[in-house]
Amino acid sequence: MFLHQPLVRLYTNLFLLGLIPFSLLNKITGNIIHEIIGLAIILFLGSHTFLNIHWYGSFFKQRNRVQRVFNTVIILLLLVSFGSLILSSFMISKSLFSFLGFKSTLMLRQIHTTSAYWFVIFCFIHLGIHWQRFWVLFRKILARVINLNFILPRQLSAIFSLLVIFYAGWVFIQRDILSKLFMTFAFEFWDNEQAGWKILMDDVILMIALVILTQSVQKWTKALFLFIDTLVYVQKKKP
């Protein structure tokens with residue numbers, strides 16, 4: 001069936017991932033564009049869920065129980081944050097859903113901002129969990145455009161990852177994102193002198209850092225449990 005083709009899922013994911021950074025530029029794009037992007041994200045996320053519905057059937061067959069629990073928690077938190085984001089979007093809408101007649105308040109705008117940041121975090125942790133599968137398909141698309149017959153040395157790859165994480169940490173502190181995650185802000189500060197492309201780049205780097213950190217945590221967790229399993233096996237073999 002056409003809808004279940006891997007490339008269709010990949011393009012859906014790419015459009016979804018591409019829209020998310022732009023959804024955070026509401027002060028630059030304007031409200032109507034922001035709401036259109038938000039509506040597109042809802043549609044693409046719904047499509048993503050439908051196109052990957054087969055994954056839920058094999059979910060409980062995963063052997064690694066820790067991994068299964070972690071995946072479950074992330075998906076549930078992703079759904080909660082997205083549900084809160086959608087609900088608050090309808091209630092503070094000034095354009096597409098203004099006919100609903102809700103009155104926008106400071107509290108609702110705070111909930112919307114906080115939900116958006118948590119949604120982004122859980123979304124890119126989710127991507128990090130499934131990065132290998134995503135990258136295999138994405139690499140096939142890239143191979144049609146550029147030559148991928150090279151391997152980045154492990155040392156350079158590690159340095160690049162560290163630079164991304166450190167820069168993302170600086171952006172996280174500089175933009176006081178922690179206050180947005182826990183609704184301790186009154187108004188969202190926006191630096192009008194900062195170029196839109198710079199804000200977009202910072203957002204993308206934050207998202208890449210989340211994927212890198214998730215991948216790293218997964219690798220260390222697997223190594224730790226492999227070590228524990230080995231110790232248990234050795235203890236059982238002792239006379």
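The backbone N, Cα and C atoms fix where each Cβ goes, glycine too.
What TrEMBL lists as transmembrane segment is 7-24, 36-57, 69-92, 116-136, 156-175. Residues or ranges marked as domain 'Flavinylation-associated cytochrome' in TrEMBL: 74-131.
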Checklist entry - Mean pLDDT over the domain 'Flavinylation-associated cytochrome' (74-131): what is the value? => result 94
Item to check | Residues of the domain 'Flavinylation-associated cytochrome' (74-131) by DSSP state, where helix covers H, G and I | outcome: 47 helix, 0 strand, 11 coil
